[in-house]
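I have placed the structure first, in the form of structure tokens, so that the comments after it can refer back to it.
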């Protein structure tokens, strides 16, 4: 969250504290606080303007996840891929046009991001309730939370009030999103650049306790890495040949792919991380202890995950009069 206090510079207040000056100062401080509050997100942002927004989103997410359990992971990933590229502004949802190239064709997104149709359905229903009120960026944030809950994870309070961007960045999507072959130092750097600690990196990586990945993202690991359980590697090779079959899917968490739990961390302890970047979190490095902690304390993981998701949702949101409330999440108004 960025706050600018250009009108609140306290160094100019070398004034005697007469009664009138105290009143002026109090008014000044109140004005500053109002300015701060207007830049912050609020969990009650739609309480009056669209009171049924959250229940509508939740109902649609529950239905979508019940129909396709993998969709929960896909919608969680959509929010992450949105926030890590120019902030949580729904830029990831913008379709390409003849004069505009969005983020969907970026390396980390092409042929792998999904759930756009679910967001479209939610947006349509919310628009019918409250036209021009609820942003696509907020829908993504709430959908991510409700997806985790639908798969058995703990809930968290989502701050709201984001607005939608009118731009996207293909180059930032290619550079800012960590890849499946990332080293631990690269992962720590990528998350640090967004303001996250190594502990928060591990917590957010726990999202890989649900969902699936394509063969092309883990082929090198199962054929070349040495820090992998041999029987695990062999079982994966049966569906992911050394050449071809790039889009064949395997669960990120081989234990319980449709349940949001802490099994992901136990898998890492057994050298059964699907992606090279997963296993890097438990490979004799600085994050091993945190993996051990979450493996033995599922409640701690769920709590830290929720807190880290709130922090991620606060990445450079557009608020106030910035951006717009898109009528169609796929294109600008």
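Positions of Cβ are set from backbone N, Cα and C atoms, glycine also.
Remember, predicted model here, so these are calculated numbers, not experimental data.
As recorded in TrEMBL:
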DISULFID  50-130  disulfide bond
SITE      77  site 'Transition state stabilizer'
BINDING   82, 85, 87, 89, 91, 103  Ca(2+) 1 binding site
DISULFID  83-88  disulfide bond
DISULFID  136-329  disulfide bond
BINDING   178  substrate binding site
BINDING   209, 253, 261  Ca(2+) 2 binding site
DISULFID  215-240  disulfide bond
Legend entry - 50, 77, 83, 136, 209, 240 filtered to the recorded positions whose C-alpha is within 10 Å of residue 89 (Ca(2+) 1 binding site): 83, 136
Legend entry - recorded positions near residue 91 (Ca(2+) 1 binding site) (Cα-Cα within 10 Å), from 83, 136, 209: 83, 136
Inset, instruction - Give me the Cα-Cα distance between residue 240 (disulfide bond) and residue 103 (Ca(2+) 1 binding site), rounded to a whole Å. - result: 27
Legend entry - Cα-to-Cα gap, residue 130 (disulfide bond) vs residue 261 (Ca(2+) 2 binding site), nearest whole Å: 35
Inset, instruction - Going by Cα-Cα distance, pick out whichever of the recorded positions 77, 82, 87, 88, 103 is nearest to residue 261 (Ca(2+) 2 binding site). - result: 77
Inset, instruction - Looking only at C-alpha atoms, tell me how far residue 88 (disulfide bond) is from residue 82 (Ca(2+) 1 binding site), rounded to the nearest Å. - result: 6
Inset, instruction - Measure from the Cα of residue 50 (disulfide bond) to the Cα of every one of the recorded positions 77, 82, 103, 178, 209, then give the nearest. - result: 82
Legend entry - Fewest other Cβ within 10 angstroms of its own Cβ, chosen from the recorded positions 85, 215: 215
Inset, instruction - Taking the Cβ of residue 87 (Ca(2+) 1 binding site) as the centre, count every other Cβ atom within 10 Å, in any protein chain shown. - result: 20
